[in-house]
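As annotated by TrEMBL, compositional bias 'Basic and acidic residues' applies to 48-58, 181-193. According to TrEMBL, the compositional bias 'Acidic residues' annotation covers 249-302. Among the features that TrEMBL reports, region 'Disordered' is placed at 17-58, 170-219, 247-302.
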Amino acid sequence: MRPVGLLLDFPHRMAPKRQCSLQSQTKKPKLPAAPEQVNSSASLGLPKGEKEQQEATEHIDEVQNEIDILNEQASEEILKVEQKNNKLRQPFFQKRSELIAKIPNFGVTTFVNHPQASALLGEEDEEVLHYLTRVEVTEFEDIKSGYRIDFYFDENPYFENKVLSKEFHLNESGDPSSKSTEIKWKSGKDLTKRSSQTQNKASRKRQHEEPERFFTWFTDHSDAGADELGEVIKDDIWPNPLQYYLVPDMDDEEGEGEEEDDDDDEEEGLEDIDEEGDEDEGEEDEDDDEGEEGEEDEGEDD
């Protein structure tokens with residue numbers, strides 16, 4: 001019996017944002033099926049309450065097996081629907097890719113604006129991504145066996161490849177694996193050998209952790225079942241890249257907010273000065289009045 005959760009090895013649900021990992025699935029442990037005569041004889045000497053509990057446990061396991069069978073049947077139906085919808089979506093994905101190609105720096109802007117993807121981008125990584133023309137995710141025909149991510153580049157001063165790909169597979173035994181294109185770096189341009197000191201602000205916060213870079217991701221096949229960047233691209237960026245391309249520049253917003261605060265402070269300062277000036281003028285007027293009254297009193301005494 002194939003595990004019910006096998007469909008979750010790769011995200012093929014309809015929601016635009018979803019998180020999952022390419023991990024082998026194992027069936028939940030089941031109670032050993034004991035012959036009826038053994039159960040009856042074993043329960044003869046048990047108190048009535050314990051005997052009822054044991055029988056109920058056995059019946060629960062039987063019912064659970066029936067539920068598992070129904071879940072497996074539902075999984076097969078869901079898989080068929082996903083395969084059909086995946087084919088229906090392809091023309092729209094193709095049309096979207098053609099439109100994206102008309103927008104300069106769409107790809108690099110999308111990755112820089114994504115909080116998880118941007119954490120792997122150093123300054124030179126971003127420079128390379130300015131040559132990125134499009135990203136495509138292709139799920140294998142039966143969907144549950146894996147997917148491939150393709151990065152298309154214009155001619156650039158960093159490597160010879162026109163396309164860089166990384167594939168994720170789940171074999172029949174349920175073990176995840178990955179493989180990728182060998183990057184043909186030009187002389188002195190291998191970014192996987194550069195110091196992590198060139199990382200951007202978001203990456204500097206991670207320097208005391210694992211200093212993984214964007215292009216080392218292509219050569220990292222140590223844990224295909226927990227490849228975070230692969231999942232982010234497939235489950236979040238690929239379904240709707242426009243939402244990250246249109247993310248407003250938070251630095252600009254913060255700068256505008258600070259300028260507004262400064263203006264408010266200046267206005268408050270001017271108001272304080274005006275109020276103090278009014279108070280000083282009031283005090284001078286009072287002094288003048290007192291002086292005039294004093295002169296009048298002296299004139300009367302004379």
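Using N, Cα and C of the backbone, Cβ positions are placed for all residues, glycine too.
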Residues of the compositional bias 'Basic and acidic residues' (48-58) by DSSP state, where helix covers H, G and I: 11 helix, 0 strand, 0 coil
Tally of residues which DSSP labels helix, strand or coil - the compositional bias 'Basic and acidic residues' (181-193): 3 helix, 1 strand, 9 coil
